[in-house]
Amino acid sequence: MTNSKNRFGNKFIGAHVSAAGGVDNAPLRAREIGANAFALFTKNQRQWVAKPLEEKTISAFKANCALLGFSPQQILPHDSYLINLGAPEAEKLEKSRLAFIDEMERCQLLGLNLLNFHPGSHLEKISEKACLYLIAESINLAHQAVPDVVAVIENTAGQGSNLGWRFEHLAEIIEQVEDKSRVGVCLDTCHTFAAGYDLRTPEACEATFAEFERVVGMHYLRAMHINDSKVKLASKVDRHHALGKGEIGWDCFEYIAKDSRFDSIPLILETIEPELWPQEIEQLRKYHLSSIA
C-alpha cells in the first residue's frame with residue numbers, strides 16, 4: 001500500500017538521462033521526466049580518457065541526489081562503449097581494464113555502488129570460453145582495485161561476436177568472479193528478446209524469467225533496461241523501440257511493473273523517443289501502483 005510519502009510505490013522507474021554540462025545535472029533531468037531512478041555516463045562514453053571529476057561537481061551531484069531523493073540503489077551508471085573486458089589483444093585488454101577501473105573509481109567518488117557494462121567480444125580471435133574467462137578476470141581485477149562498487153553485467157542482443165546474449169554466458173562469468181556479492185546482471189528487454197527469449201505474453205515472460213532463475217538466479221538481478229524491440233524474436237540485432245511500438249508490446253512491461261521480483265532495482269528506459277519518457281514512466285507506474293493498491 002502506498003502513502004503520500006511513497007507515491008512511487010516499490011519500483012524505481014526512470015531513463016538514461018544526459019549528463020551534459022556536468023553529472024550534477026543528471027538528477028535534475030531525471031526528476032523533470034517524473035523519474036525516481038536514472039542512468040548516466042560519468043564521462044564521455046566514446047572517449048578513453050576523461051578529466052577527473054572536480055570536487056565541486058561531486059558535491060553538487062550528491063547534493064542534487066539528496067535533495068531529489070535519489071539513493072545509490074536508484075542510480076545506474078553505465079561505462080564507456082569502448083571498453084572490451086574480453087578483448088583478445090593484450091594491449092586493448094589492458095587499456096579496457098584500466099578504463100573500467102577508472103569508471104569504478106568515478107562511481108565511488110560520486111557515492112554510487114553500481115556500474116553497468118557490456119561484457120565483451122571475442123572478435124572471432126579467441127574461443128567463447130577464453131573470452132568469458134577474461135571478462136571474469138577483468139571484474140576480479142577491478143574488485144581488487146576499487147572497493148564497494150558492484151559490476152553489473154548487461155545481457156546483449158548477440159550481435160557480431162558480442163558475448164552475454166545467452167543466460168549461460170552470464171552464469172559462466174559470475175561463476176568465475178571471486179566476490180559474488182559484487183557482481184550482478186542488468187537484463188535489457190530488447191536484448192533479451194533479440195537473443196531469442198520470448199517476452200510477448202505474460203506466459204512467455206514467466207517462462208523466460210524462470211529460465212533466468214534456473215541458469216543465473218534472480219538474486220543476481222540488480223537492474224533492468226526497459227525497451228521495446230524494432231526487430232523480431234531471435235534476430236540477434238540490437239534495435240530499441242518506444243514501449244508498445246515494437247515487437248514485444250505492452251504486456252511484457254505491464255508484467256514487469258506488477259511483479260514484485262523487479263521491485264527496488266533501477267528500471268531504466270533507453271527507448272528511442274525521449275519525448276515519450278514522461279508518458280512511458282507514468283504508464284509503468286500506473287501499472288505498478290494498481291498492483292499494490
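Placed from the backbone N, Cα and C atoms, the Cβ positions cover glycine too.
Secondary structure at His78 (Zn(2+) 1 binding site), taken from DSSP and collapsed to helix, strand or coil, is strand. Around the Cβ of His78 (Zn(2+) 1 binding site), a 10 Å sphere holds 24 further Cβ atoms from the protein chains shown. According to Swiss-Prot, the feature Zn(2+) 1 binding site maps to His78, His118, Glu154, an assignment based on sequence analysis.
Residues annotated as Zn(2+) 2 binding site in Swiss-Prot, with sequence analysis given as evidence: Glu154, Asp188, His225, Glu270. In the structure as shown, the Cβ atom of Glu154 (Zn(2+) 1 binding site) sits within 10 Å of 21 other Cβ atoms.
For Asp238 (Zn(2+) 3 binding site), other Cβ atoms within 10 Å of its Cβ number 21. The feature Zn(2+) 3 binding site is assigned by Swiss-Prot to His191, Asp238, His240, with sequence analysis given as support.
Within 10 Å of the Cα of Glu154 (Zn(2+) 1 binding site), the following binding-site residues from the list His191, His225, Glu270 place their own Cα: His191, His225.
Its own atom aside, the Cβ of Asp188 (Zn(2+) 2 binding site) has 26 Cβ atoms within 10 angstroms in the protein chains shown. Contacts of His225 (Zn(2+) 2 binding site) defined by a Cβ separation under 8 A and a same-chain sequence distance of 6+ are given as Glu154, Cys186, Leu187, Asp188, Thr189, Cys190, His191, Ile268, Leu269, Glu270, in order along the sequence. Compute the center of the Cβ atoms of His191, Asp238, His240, which mark the site for Zn(2+) 3; besides them, the chain residues with Cβ within 8 Å of that center are Thr156, Ala157, Asp188, Cys190, Ala194, His225, Asn227, Ser229, Arg239, Glu270.
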